Every structure is written in C-alpha cells, then in structure tokens.
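Positions annotated as region 'Disordered' by TrEMBL: 31-65. Here TrEMBL flags 34-65 as compositional bias 'Low complexity'. The domain 'LysM' annotation in TrEMBL covers 74-121, 162-208, 246-292, 332-378.
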Amino acid sequence: MRWNPSVSEGCAGMQAGNSYCVEAFGEPDPGEITSTTTTVPVTTTTTKTSTSTTTTTGGAPGATQSGQITTCNRWDLVQPGDTCSVYLDKYPGLTLAKLVEWNPAIGSQCQSLWVDTYLCTGVEGYTAPTTTTTAAPTTTAPSNGVTTPSPIQPGMTTSCASFHEVQSGDTCASIAQSNGISLSQFNAWNTGVGSGCSSLWLGYYVCVSEIGATTTTKAPSTTTNPGNGIATPTPTLPGMVSTCDAFYLVSEGDTCAGITKKKGLSLSQLYKWNTALDSTCSGLWTGYYVCVSVQGVNPTTTTKATTTTTKPGNEIATPTPIQPGMTASCKKFHKVVSGDQCGTIAKKAGISLANFNKWNPGVGSSCASLWLGYYVCIGV
C-alpha cells in the first residue's frame, strides 16, 4: 500500500481497470517486509516538530521517498502537516536547496513531501553553516563597529550598516523599495535569500545598507533643473537616464506594461531608460518617477479611438481599437476584457496559443502587452 497510496486497508479504493505498482527498485523481497506504511502528500502547513533518528552506519530506519541520497546519516520522520520549513527551523543553517538535493522526490519547492516517510536531513561530511541562530534577537558589535542584531539571514554581508527584520508579507522587492535601495543591491548584500527571494525567513534580519553604499532617499516631490535644462521631479528610480524629458509618477497597481500602454512607448525603451527595472518589472516603486521619453526620441503613441468598424482590403469589418501588429487578414475578433489572458482567449476561441501569438505579435511572447478594451484577432 506504500507504493499505491490510493489503496487503503482491505484494498478499499482499488478500482478495476487501474494499474498498481507491485515492485519498486531497491526494495527488499516481499518476504522480508515486516510492516506496511501508507503515504499521502502533505496538504496543510504547521510548525509541529517531527521526531528524529540519527545513524552513522547508513540505512534509513523506515520508508523513504525515491532517489534519496545514499550517504545520509540523519533522518526525520515526516508528520502530518509538516513542511520543509519545519526542518529548516529545526536545523539552523540547513537550506531548502540541500533538502531537495538529498531528497529529490520532494520537488523543488517541497510540494511533494510525504507523511510517514523518512526525510534525509544530514549527510556524511556535511556541516551546516553556523551564521544562523534561532536565539532571541540580541545585538553584537563586529569588527566593523556596527551593532548587528540577530538572528540574521545566512550569507549576509559582513559590512552591513543597517538592518531590517523580515515581517509577514515582506518580499525582497518591497524591502528594497521601503529602504531606498535597488533589488540588485539587496540581493548582493543578502545572498542567502536566493535569486527568486525563495529563502526570505520571517523574523530574521536582512541587510538594507552597506558601509559606503549609496542609497536613494525618499525625498518629497520637488523639481530640479539638471544640465539638460529639463525640470526633473523627485524621487526618481535609481539609474534613470540623464537625458529624460518626460516623466511618469508610479501609482499603486501600475505595471511596466501598463505604463508603456499609457505613454505610448515600448517595454524595451522603458527598461533602457530606467535601468533599475529588471525583465520582470520587480524594481518598479510606487511613488517614484520613471522616465517615459528622452531627448531626441519620440515614442510612438497609440490613440484610443472610439469603437467603430472599418473595411480593409479583405472586405472584413474590423472593429477598433486593435492591438498593434495584428494581422491584416483577420476575420474574427475578440475584445479584451478584465481577467483575460492570451491562453484563455485562445482556448475560448478554439485556436492554439501559437496561432494567437502569430496573429497578434504585439501582445509579446509572455502576453505582457495584452491591452484591456482593445481587439485581438482570433481567426483568419
């Protein structure tokens, strides 16, 4: 039943026509099995502490998930409700990456952790980093003369000048924004959070300023006259080009794609003129100004015309406004409404996503420029 979790005692749940596992690689012969274990995926989150067994001779004390590392010397029995964070808290310095490396079957985000199986939490020759502690926050005075609170995220720079305690709801981008630094600076000073901010630990301190680093102060909105003669409002995003001649104040809910639509420029132009923005737009800060035009460049604007119909050369009445770049041979149209996505539009229209993108290249390969209230092509 451990190999077939859908089957319970008395073979309840077994259905005619279904296939079931009767032999697993690396398992002992049936005659040597003395007990059975039923495993189910974990579906809830809790901080319940699991039991632990340690051995130095190899050999798990019970059932394990497939692919577990052979040099494991410490196991924890997964309890109902456990998540990987239970073991990361239990063993300071242990990382999710190591758990996944030693137990590949649990999945990259620990989404397939099974109860009543033994999870490998230590291997021969591995020593967890000692930079992380679970003690109550205290302060230390390192050699750089700055008082450092604890616990801190592993991998934090040793030349940190100021700190932030991670609160519920925090993200790497929101912490960077609230402290006037770029996301790249935050990641450089806190390498343990991971490239996707997947290891930001609640209640731990992260570095938000390094000795000698330049941060962006949240100044009130005023104007300055730089050398190019253009009055520049503040605050502006770090890394904005000096030749900017038009600005946009970022509001709550704005996106990079939405700004380009409003101001009639391309995403590549927005990123080029505002280097603090990365390809996912994670550096867009509410209340800051971004550059939407530079001297010598006239962005192509799109006029939001009222919805009318025209008859192009193919004699098909075409509604407006339409997405830029739409194929001229379109015969069927769809008006984009709130909640639409390229994939859902294609599915409803009974066409492939590849054809949708081919007929509407202006939406972008990731559908980032699908414009609300505009028509897209769904048939040629």
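Glycine is no exception: its Cβ is also placed from the backbone N, Cα and C atoms.
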Exercise. Mind checking how the domain 'LysM' (246-292) divides into helix, strand and coil residues in DSSP?
Worked result: 15 helix, 9 strand, 23 coil
Problem set entry | Number of helical, extended and coil residues in the domain 'LysM' (332-378), per DSSP | 18 helix, 8 strand, 21 coil
Exercise. Taking all residues of the domain 'LysM' (246-292) together, what is their mean pLDDT?
Worked result: 84
